[in-house]
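Straight from TrEMBL, the features:
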DOMAIN    46-300  domain 'NADP-dependent oxidoreductase'
ACT_SITE  Tyr79  active site, proton donor
SITE      Lys104  site 'Lowers pKa of active site Tyr'
BINDING   His135  substrate binding site
Amino acid sequence: MLPVSRAIPRIPNITNTARYFFSKTNTMAPLSKTHKLNTGDEIPAVGLGTWQSKPGQVEKAVEAALRAGYTHIDTAYAYGNEKEVGQGIKASGVPREKIWLTTKLDNDWHKHVAEAIDTSLKNLDTPYVDLYLMHWPASLVKGNTKEVYNDWDFVDTWREMQKLVDTGKVKNIGVSNFGVKNLEKLLSAESTKIVPAVNQIELHPGNPSPHLVEYLRSKGIHASAYSPLGSSDSPLYKLNSLTKLAESKGKTVQQVLLRWGVQKGWSVLPKSVTEERIKANIDLEGWSLTDEEIAQIDEVHKENSFKVCGDDWLPVKIFFGAGDSD
């Protein structure tokens, strides 16, 4: 069994932060739940996703989220919004140590990991990130997104990422968009000394990936869900079984989907730039889904299976089909 990341312990005082802001701003109940990682650190169960947010919208969204009680913000170099995220954090007035901040290594920086993290930290205007992820298991030639390095793959990249843990620039390291086969290759590599703390993958009732999720659980790797609602115009929103369930709970379909993910043991990263929706997406405290309701949602993919993010744009195949990710 490989040792886990030697992350600097930091358990955010999420409850107190949320209580402070909600006593001043509204009467909603932000979810204060966290999930413990294999490093001992605790990742907030709900975070603000910023993928596909338009330029000029992210700063205000991050500020609104933090003022609404969020303590988890997810970004990536590839999103082109790290600077706005940093500006939103500053504008919120929330102390940096109260925030879980994730960013990601872009595909054409795999041979330049040390330079990449320094660039992201400068963009974010922060001395460290709580989680640094390898965005995709694909080492692309810099300046040419249609070509991969023949002498370098994600195992080499992970070797370099491991070196960051002792620098203080990252507290935890992990991966994103890794299927079982790539994880097996990574974990069996001689140079792998640290088990990824997180694998951030697309997870929602239309793409629950039970085989991959169970594999992650067996290896002590936390599953973090991007696109947990399906998409901004998700077909899940109009699904009769989900609308009826949401109505019976006095909640929105979006809240039911997020609560389902949290109760599955994942952290969920809904994206929104609308203040009301940002607040609603974390209003998950004080209620839950029954085991029967969880099981009902688990069945959705059998008739409504879909993915938001594929890998067709990459020059190499990342997802290996139903046996790997479904």
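Residue 1 is the first one shown; counting continues down the chain.
Any Cβ shown, glycine's included, is placed from N, Cα and C.
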Review point. Reported as an integer number of Å, what is the Cα distance between Lys104 (site 'Lowers pKa of active site Tyr') and Tyr79 (active site, proton donor)?
Key: 9
Exercise for review: Could you tell me which three-state DSSP class His135 (substrate binding site) falls into?
Suggested key: coil
Check your understanding: Counting every protein chain present, what is the number of Cβ atoms, excluding its own, within 10 Å of the Cβ of the residue listed as 'active site, proton donor'?
Key -> 21
Check your understanding: Which one of these recorded positions has the most other Cβ atoms within 10 Å of its own Cβ: Lys104, His135?
Key -> Lys104
Review point. What average pLDDT is reported by the model for the domain 'NADP-dependent oxidoreductase' (46-300)?
Key: 96
Review point. If you measure Tyr79 (active site, proton donor) to His135 (substrate binding site) at Cα, how many Å is it?
Key: 11
Exercise for review: Determine, from DSSP, whether Lys104 (site 'Lowers pKa of active site Tyr') sits in helix, strand or coil.
Suggested key: strand
